[in-house]
Amino acid sequence: MQLPSFLEVYEGLISTPSISATDPKWDQGNEQVIAKLAGWLTDLGFQVTIDQVAPGKQNLIAKKGEGEGGLLLSGHSDTVPFDEGRWNYNPHALTQDNNRFYGLGTADMKGFFAFILEAVKKVDWSKQRKPLYVLATCDEETTMLGARHFTQNAPFKPDYCIIGEPTSLVPIHGHKGHVANAIRVTGKSGHSSNPALGVNAIEIMYEVLFAMMQLRDKLVKEYHHPGFEIPTPTLNLGHIHGGDAPNRICGCCELHYDVRPLPGISLDGLDNMLRGALQEVQEKWPGRIELEPLHDAIPGYECAHDHPFITGVSEICGHEAQTVNYCTEAPFLQELCPTLVLGPGSIDQAHQPDEFLAFEFIDPTINVLSKAMVKYCF
């Protein structure tokens with residue numbers, strides 16, 4: 001059977017919608033794109049397993065070769081939604097223009113699987129000693145459900161893992177985590193002519209804000225990582241809404257904030273700090289302050305800069321490993337084995353109208369992946 005070309009695989013991936021979103025109007029399954037990947041990988045000699053993670057949501061696990069350890073190449077099969085009015089190209093078609101591939105998922109990151117398949121074709125597998133694994137996860141763009149599920153149920157333990165997010169082919173060995181919460185203050189509304197008849201939620205929120213800013217200062221003072229451009233955790237007060245009229249006592253006020261913890265700060269420890277910061281205000285206003293997560297928390301991630309895997313891949317790429325502030329599935333896969341993030345395209349194009357991958361990444365990416373396969377599977 002003739003294998004599809006690199007271009008045919010890329011076109012097949014981009015033309016198969018697989019949006020994940022918290023809004024049910026946008027959320028789709030990824031079964032069709034997983035089915036395509038399964039067929040191509042099977043034709044390349046992989047043993048393929050499809051894991052049903054949730055209704056309409058699947059992980060794919062593919063294995064080439066036998067033995068222990070080996071290399072895992074991982075990526076997510078979903079994309080974010082898009083605003084059609086801001087796109088000049090069809091998001092669900094691969095368009096070649098300006099020496100670029102345009103389309104939703106070209107860089108972030110369905111296109112990475114086309115590079116894996118092309119690199120596999122270029123390697124002579126006759127002397128393979130360790131397995132090569134390919135993992136395609138679901139729902140990275142929302143809950144990271146696929147990576148969480150795989151890590152909890154992994155049927156194998158690779159030596160190393162590369163996640164193919166767009167890093168401009170620069171190895172990433174660490175990033176911060178992400179925690180986003182809502183603080184909801186419930187007061188008692190009433191006419192503004194007699195404040196004593198109500199409880200003003202905005203005034204309570206003022207005390208909450210003061211406590212949160214004190215916590216922000218504490219995080220900056222107590223935690224520091226010289227490997228990051230912004231070397232401290234960040235706490236951002238991002239959204240606030242309260243009240244409905246100037247002549248009514250505000251009955252409800254809600255704050256949304258996020259924290260980006262450094263690697264090494266446990267999510268439980270951070271949660272205790274957040275709740276501790278609010279304790280005094282909550283005791284003053286019992287039953288009026290609630291803290292709720294906006295999404296499942298993501299821990300920080302780091303693989304030591306001098307780890308042999310990091311230095312080995314850095315040598316293949318010709319770039320020193322770096323850290324970034326955005327999040328990936330690395331904290332979960334790092335639980336299984338040393339993990340780094342490395343892939344074609346720029347993160348600047350992720351989640352943007354007219355997302356693209358420049359042609360200049362094609363040959364170098366195939367070369368890097370094929371060398372990594374030889375280095376860690378032979």
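From the backbone N, Cα and C atoms, a Cβ is placed for every residue, glycine too.
Feature list (source: TrEMBL):
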ACT_SITE  Asp78  active site
ACT_SITE  Glu140  active site
BINDING   His76, Asp108, Glu165  Zn(2+) 1 binding site
BINDING   Asp108, Glu141, His351  Zn(2+) 2 binding site
DOMAIN    174-285  domain 'Peptidase M20 dimerisation'
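For His76 (Zn(2+) 1 binding site), the nearest neighbour among the recorded positions Glu140, Glu141, His351, judged by Cα separation, is Glu140. A sphere of 10 angstroms centred on the C-beta of Glu140 (active site) encloses 25 other C-beta atoms.
Calculated from their C-alpha atoms, the gap between Glu141 (Zn(2+) 2 binding site) and Glu165 (Zn(2+) 1 binding site) amounts to 12 Å. Sorted by the number of other CB atoms within 10 A, the binding-site residues Glu141, Glu165 start with Glu141, the lowest. The subset of recorded positions (Asp108, Glu140, Glu165, His351) lying with their Cα within 10 Å of the Cα of Asp78 (active site) consists of Asp108, Glu140, given in sequence order. Report note: the Zn(2+) 2 site is defined by Asp108, Glu141, His351, and the residues of the same chain whose CB lies within 8 Å of the CB centroid of those residues, excluding them, are Thr79, Val80, Met109, Ala350. For the recorded site, Glu140 (active site), the DSSP three-state label reads coil. Report note: the Zn(2+) 1 site is defined by His76, Asp108, Glu165, and the residues of the same chain whose CB lies within 8 Å of the CB centroid of those residues, excluding them, are Gly75, Met109, Phe112, Glu140, Ile163, Gly164, Pro166, Thr328, Gly343, Ala350. Distance from the CA of Glu140 (active site) to the CA of Glu165 (Zn(2+) 1 binding site) is 11 Å. Neighbour density around each Cβ, counted as other Cβ atoms within 10 Å, peaks among the binding-site residues His76, His351 at His76.
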